[in-house]
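To keep things clear, I will list the structure first and then write my remarks on it.
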Amino acid sequence: MPLLDSFTVDHTRMNAPAVRVAKTMTTPKGDTITVFDLRFCVPNKEILSERGIHTLEHLFAGFMRDHLNSDRVEIIDISPMGCRTGFYMSLIGTPKEAEVAECWLAAMEDVLKVKQQSEIPELNEYQCGTYEMHSLEQAKEIAKNIIAAGVNVNRNDDLKLSDEILKGL
């Protein structure tokens, strides 16, 4: 099985909250797709709550689009990581990490403005696979923590696992 890009970086040295360009690729038509690692928690030390990350999934995707989409950037998808330490964001374009960090913080401010659970988009049995597994309170707590900490940048060159380590795993 091929080694995926996300497993070639040292998770023990990742900072959080932090933005990282996980991957870039060019489509056959010449568009650049960039995948960002939006790391909310330090891997293996912290984890996002189940209900909190699920509620953020519903809110964050729309709020990030409000702040980042433009004539040069279009978000394709924002999905939670299975390890519950962050989200992957795939988009068309090549925004700088600082711009993504700024938009991420603005999106977290938007989460804090949501007044009640009924304002969470697609919160019903028709549009959500586990519509009862939400917590606006937990999502707001996550947002507050991100805002308080600020968002840094993780660089692949700083996190790359050596060939020697990879061979030993």
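Glycine residues also receive a Cβ, built from the backbone N, Cα and C atoms like all the rest.
What Swiss-Prot says about this one:
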- H54, H58, C128: Fe cation binding site (BINDING)
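Of all Cβ atoms in the shown protein chains, 19 besides its own fall within 10 Å of the Cβ of H58 (Fe cation binding site). Other than H54, H58, C128, the residues of this chain whose Cβ falls within 8 Å of the Cβ centroid of the Fe cation site are, in sequence order, T55, E57, I120, E122, L123, T130, Y131, M133, H134. Take the CB of H54 (Fe cation binding site) and look out to 10 A: across all protein chains shown you find 23 other CB atoms.
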